[in-house]
Amino acid sequence: MDLPHPPRAVLNPSSSSEPSSPFPSRPPSPVPPAPKPRVSYAYPPTPEIHSPSLGGSVGSTPAQSRSGSLSKNPLLKRAHGQGRAEDRGALRRWIGHALGGKKDRARSDALELEEQLRGRSAARRGSEPAAEAELAAQTARKPRWKWTRERAQLAVGFAMIALVGMNDSATGANLDSMQAHYRVSYDEISIVFLANTAGYFLSSISASFFLHHFGLQVSLLTAAAAMATGCVVLSIAPPFPAFIIMLGFMGFGSGMYDAVITTVIAHEEDGVLMSLLYSCFGVGAMISPLAIGAFLDRGYAWNRYYNIPLGLALMLAVIGYFVFRGYTTPPDETHDAPLSTSQAPAQTTHTGTGQSEQRGEVIHARARMSAQQRMKRAMGLRAVWIGFVLIICAFASSDILSAWSVSFLITTRSAPPASSRFVLSGLWMGIASGRVVLAWLLANRVGEKTFAIGLLVAASGMLGVLYVRSFVVDAVALAMVGFFFGPVTPKVLDVIGVRVPPSLKASVVSLLVGLGLIGSSVGPLLFGVAAGRGGLSSLPAVLIGVSVLSIVAWCAVPKNRRRED
């Protein structure tokens with residue numbers, strides 16, 4: 001009969017007879033040997049398997065072991081498997097506790113949770129949801145803080161851009177009160193726009209230098225300090241020369257905020273996120289006229305308004321310092337072409353095939369490029385030049401609307417002067433809502449060019465409605481024009497930003513914002529010259545012409561090769 005196991009010798013010290021041989025043909029020894037312990041051969045007993053789930057032991061005798069190994073009873077086989085699994089789990093837990101240390105205990109706990117999730121018995125299946133929840137909590141504990149920190153950075157960045165929007169529209173809303181306080185002419189009070197734009201432009205072109213040499217935190221603190229200084233001095237209604245200088249400080253802080261936060265969002269390469277960012281600009285620009293109107297209706301002086309941006313600037317400076325701590329610029333992608341490389345002194349090594357191989361450390365030029373070199377390389381990109389045209393048209397369109405729409409309604413539609421601030425707030429409300437709603441609905445469903453060109457065509461159609469001689473119809477049409485014009489500016493920044501490597505984003509965004517400010521200042525000025533010859537009724541035709549120029553530039557935008565690689 002075939003045996004399942006080979007025979008094994010067992011020593012019996014109590015026996016004094018000679019050992020019995022398993023081979024009966026062996027002849028007996030002629031000389032009786034000395035008394036030795038008796039050796040008997042037997043089948044190895046199956047060790048008892050204690051299973052807490054079964055409440056006892058399985059297979060304790062050789063006969064039962066043989067019958068169990070040859071049995072086809074599925075219940076008995078499953079009992080054997082559960083017992084072996086319990087022994088393996090106990091051994092793993094014992095090894096984990098014996099090794100000690102946090103890592104070993106964590107691994108053993110993870111193995112125990114995995115055993116519970118697999119569920120080897122029906123009695124343990126009831127505890128699987130709790131074990132699964134505990135494992136999921138342990139796994140997601142570390143990334144949860146990461147996402148919370150990123151969301152906090154986005155919230156603070158959005159609030160900073162809203163503060164920029166408040167400053168952008170506050171000057172125009174306070175213009176009549178400022179002129180009455182300082183008793184100057186329209187030509188003299190128009191210097192406030194040049195001062196604000198000059199400070200904005202200076203900070204935009206210097207933002208890249210601040211980011212690469214001092215970091216994000218210092219750049220944000222510089223913006224907050226400039227804006228807080230301007231608000232403190234303006235709140236006491238200083239003399240007119242100091243008033244102009246402080247408006248330049250306000251513009252410098254706004255431009256630094258705008259360029260730095262836009263660069264941070266551009267690294268995400270998300271068009272919807274960029275639209276949400278600039279919708280906050282529209283929200284801030286919508287709030288300022290309403291707040292200033294409420295101050296004036298209650299008899300407060302115009303300079304009391306600047307206490308609001310002062311408090312916001314100080315609060316955001318403290319929160320932003322801690323939220324953006326440790327922020328680093330993302331590295332260039334591996335599929336991007338190196339800007340320029342240098343190789344350390346090579347070392348020659350001999351391989352087993354007899355060939356020599358030189359190895360050296362390749363140093364990326366990004367670590368050693370100066371701001372001038374980054375700017376020079378950015379100017380060599382075709383997408384950047386097309387972006388200049390697009391951003392100038394986008395800023396010029398929105399600022400022409402913001403600066404001349406109220407005068408257009410009052411002069412050509414005989415609108416009541418008291419409704420001017422509400423029409424301006426409606427325009428900015430349309431810009432802000434368009435950047436949220438249209439970006440969420442269409443940005444990921446249509447292409448980049450199709451999205452922008454479709455918005456420009458729809459805005460041109462709404463501009464044609466302005467020829468209807470009705471104040472209510474024209475006010476609604478202006479809000480709809482802002483609704484369609486709103487997402488164009490952040491879309492330009494996003495489309496151009498994803499076509500340049502991360503090491504050039506700060507330089508490119510600074511250039512785009514700076515040239516956009518040129519468009520925002522030159523556009524209303526050129527329209528004023530045109531309005532002096534042809535009247536304010538030419539406002540819709542001029543804006544339609546700017547939209548056509550933007551459509552032509554959008555058709556020339558190159559393909560996104562970085563995203564195709």
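Using the three backbone atoms N, Cα and C, a Cβ is placed for every residue, glycine included.
As the structure is a computational prediction, the values presented were derived from the model and not from experiment.
Here's what TrEMBL has on this protein:
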{"type": "COMPBIAS", "residues": "21-36", "note": "compositional bias 'Pro residues'"}
{"type": "COMPBIAS", "residues": "59-72", "note": "compositional bias 'Polar residues'"}
{"type": "COMPBIAS", "residues": "128-139", "note": "compositional bias 'Low complexity'"}
{"type": "COMPBIAS", "residues": "339-357", "note": "compositional bias 'Polar residues'"}
{"type": "DOMAIN", "residues": "153-562", "note": "domain 'Major facilitator superfamily (MFS) profile'"}
{"type": "REGION", "residues": "1-88", "note": "region 'Disordered'"}
{"type": "REGION", "residues": "116-139", "note": "region 'Disordered'"}
{"type": "REGION", "residues": "333-359", "note": "region 'Disordered'"}
{"type": "TRANSMEM", "residues": "152-170", "note": "transmembrane segment"}
{"type": "TRANSMEM", "residues": "190-211", "note": "transmembrane segment"}
{"type": "TRANSMEM", "residues": "218-237", "note": "transmembrane segment"}
{"type": "TRANSMEM", "residues": "243-264", "note": "transmembrane segment"}
{"type": "TRANSMEM", "residues": "276-296", "note": "transmembrane segment"}
{"type": "TRANSMEM", "residues": "308-324", "note": "transmembrane segment"}
{"type": "TRANSMEM", "residues": "383-410", "note": "transmembrane segment"}
{"type": "TRANSMEM", "residues": "422-443", "note": "transmembrane segment"}
{"type": "TRANSMEM", "residues": "450-469", "note": "transmembrane segment"}
{"type": "TRANSMEM", "residues": "475-496", "note": "transmembrane segment"}
{"type": "TRANSMEM", "residues": "508-531", "note": "transmembrane segment"}
{"type": "TRANSMEM", "residues": "537-557", "note": "transmembrane segment"}
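Sequence-distant neighbours of the transmembrane segment (475-496) (same chain, 6+ residues past either end, Cβ-Cβ under 8 Å): 262, 266, 269-271, 274-275, 277-279, 282, 383-384, 386-387, 390-391, 394-395, 397-398, 401, 405, 409, 415, 419, 423, 426-435, 437-439, 443, 448, 451-452, 455-456, 458-459, 462-463, 465-466, 468, 508-509, 512, 516, 543, 550, 557, 560. Outside the transmembrane segment (383-410), and at least 6 residues removed from its termini, the chain residues within Cβ reach (under 8 Å) are 169, 172, 285, 417, 420, 423-424, 427-428, 431, 466, 471, 474-475, 478, 481-482, 485, 488-489, 492-493, 495-496, 499-500, 508, 511-513, 515-524, 527-528, 531, 536-537, 539, 542-543, 546-547, 549-550, 553-554, 556-558. A Cβ distance under 8 Å defines the sequence-distant neighbours of the transmembrane segment (276-296), meaning residues of its chain 6+ beyond its ends; these are 157-159, 161-170, 173-174, 177, 261-262, 265, 302, 304-305, 308, 402, 421, 424-425, 428-429, 431-436, 439, 482, 486, 489-490.
Between the transmembrane segment (508-531) and the transmembrane segment (308-324) there are fewer than 3 Cβ pairs closer than 8 Å, counting only residues 6 or more apart in sequence, so the two stretches are not in contact.
The stretches the transmembrane segment (218-237) and the transmembrane segment (308-324) are in mutual contact, each linked to the other by at least three Cβ pairs under 8 Å (pairs 6 or more apart in sequence).
With a threshold of 8 Å between CB atoms, the same-chain residues lying at least 6 positions outside the transmembrane segment (243-264) that come near it are 153, 157, 160-161, 163-164, 167-168, 171, 178, 182, 191-192, 195-204, 206-208, 210-211, 216, 219-220, 222-231, 233-234, 237, 274, 277, 313, 327, 493, 505-506, 509-510, 513-514, 517. Sequence-distant contacts of the transmembrane segment (190-211), counting only residues of its own chain at least 6 positions beyond either end whose CB sits under 8 Å from a CB of the stretch, comprise 167, 171, 175, 178, 218-219, 222-223, 226, 243-245, 247-256, 258-260, 263, 329, 371, 374-375, 506-507, 509-511, 513-514, 517-518, 520-521. When Cβ-Cβ distances below 8 Å are used as the criterion, the transmembrane segment (537-557) is approached by residues 383, 386, 389-390, 393-394, 396-397, 400-401, 404-405, 408, 412, 448-449, 452-453, 456-457, 459-460, 463-464, 466-467, 481, 488, 495, 523, 527, 530-531 of the same chain, each at least six residues removed from its ends.
Residues belonging to the domain 'Major facilitator superfamily (MFS) profile' (153-562) score a mean pLDDT of 81 in the model. With a cut-off of 8 Å between Cβ atoms, the residues of this chain six or more beyond the transmembrane segment (422-443) that come close are 165, 169, 172-173, 271-272, 275-276, 278-283, 285-286, 289-290, 398, 401-402, 405-406, 409, 415, 451, 454-455, 475, 478-487, 490-491.
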